[in-house]
Each structure stands twice: as structure tokens, then as C-alpha cells.
């Protein structure tokens, strides 16, 4: 009888290790130690290429220019929002004041029995006409430019600010702002004073009221007959009181307007000087970097 063949070797048998078991377990341990899943025998990654000094200068300059471009876009957006706010304020103020002037001119009732001074009616009519014309001009500018600025400001895109006409129409926007706030307001104050004179001047002293400039011993009939010859009537007193109140208010308004304009110009001038100093500092740093590059290239040319 032939002997039975030996069973095949089993990998799980600890008494019969495989010839390649040690290398397999070693490779597994090396993978666990390495942590990145790559065998230790793999070649290392090549180092990043060295950046030359001119390339570094170019990269730094491009980064600074990109930051400068973003700051310019932010400045353009601020100007756009400022122009939009000015146009909105001008349109509201002009519509309100011009409407009030028109209503005041229409609703005023002139006394046909009273002899008005010829210059009073002329000045009142001219002031009302100029007031309405100035405010309507400012309202027309606001109505024409504001929709274009609103259409651009509602688009959520940084580059859309270039499509807005606020830079090109800057003079028109400032003109509308000046007409509505400065000239229009001064004309409105003058309109109020003239309206008081036109409205209250026909009022005369009643028959039983004595004249304040004459003794009260005179008869009432004589006072009534001589009321037009001397003294101040109640209408004149009311008009003078309104004028005395409005003149200091007008002076205060003018002083405030001049002070506000000077403060605003001073603020803008300081901002311009600050931006110029920043540009000068940037130019100085750029010049230093350029000279440093020249110094770094000089020894190589010397040894060559």
C-alpha cells in the first residue's frame, strides 16, 4: 500500500510560516507607521520651484494692484450712494417747497381797496416765479438722473458701478443739490417774508382803536380819520415782526451753510492728502524693492 500524501501547508498554522510572511507583515507595519498610506520606499516629492526675485516683485505688485482696484471700486460705490442720496433729498425738497410757493401765490387774496406799494407786488411775483423755477430745475435733474443710478445700485455686482452715470453727471448732481438746498431755501425764506407783507399790510386800525403814537384823549372819529396819516397799523406791525424774526434766521442759515461747506471741503481735502500720502508710501516701497533687485543682481555681474 502507498502512504497517504501530506496535507498542504496552511497559512493559519503558526508552526509553518510562509517564506514571504515576514516581508508582508513588515510592509504592513511600515504603512501603519508612515500614516499617509504610501510605502517608505517611495521617492520623496520634488521641492517647489524657487521663485526668482523679479517674479516675486511681479506677484507682489499684482497683489497690491488688485487691492488698489478693490479700493477704487469701493470709492466708486460710495460716490454712487452719495449721489443717489443727494438726488433723493433734492427731489423731495424741491417738490415740497415749489408746491408750497405755488399754493401760496394762488391762495393769497389781494385787497382791491388797498393801495399796495408798487415794488412789493413786483418783488413778490418775481420771488415766487424764481423760487418755482429753481426748484423745478432741481427736480428735473433729479428725475432724469436718479432712475439710472437706482438701476445700477440695485444690481449686486461690483463691476456694475462702471455703468452708472454719476461720475459723468457729477456737476449736474451738485448743481441740483445747490439749487434745492441753498438757493431754493433762501428764496423760500424771502417768499415767507413777502407773503406776510402782502397778506397783513391791508389790515388797518379799527374805528374805536386809538393810535399808539398819539395820546388817547382824541375822539375816536378823529382817530379813525387820521389812522392813515400817522402810526403803525396792526398789519404793518405783523409784517415788521415777521421780517425781524426771519432776517436773523436767514443770517444763521447763511452762516451754517458756509460753515458746513467749509467743513465738508476740509474733510475731502484731508482725505485726498491721506490718499496721496498712501500713494507716496507705496511708491517709496516699490522704489526700495526695485533698488534691492538691482543690488542683488550687481554681485553676479561683478563676478561674471
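Glycine too: its Cβ is placed from the backbone N, Cα and C atoms.
The membrane topology recorded in Swiss-Prot places residue 78 on the same side as residue 147. Of the candidates 10, 225, Swiss-Prot marks one as N-linked glycosylation site, and that one is 225. Summarised as a single figure, the pLDDT of the topological domain 'Extracellular' (196-237) averages 61. Through the fold, the topological domain 'Cytoplasmic' (142-174) approaches residues 73, 76-77, 79-81, 83-84, 86-88, 90-91, 94 of its own chain, all at least 6 residues removed from its boundaries and within a Cβ separation under 8 Å. For the topological domain 'Extracellular' (107-120), the residues of the chain that approach it from at least six positions outside its boundaries are 194-195, 197-199, 201-202, judged by C-beta separation under 8 angstroms. Nonlocal intrachain contacts for the region 'Interaction with STIM1' (71-91), taken as residues 6+ away from its ends with a CB within less than 8 angstroms of a stretch CB, comprise 138-139, 141-143, 145-146, 149-150, 152-153, 158-159, 161-162, 164, 166-167, 169-170, 173-174, 176-177, 179-181.
Per DSSP, the secondary structure of the region 'Interaction with STIM1' (71-91) breaks down as 21 helix, 0 strand, 0 coil.
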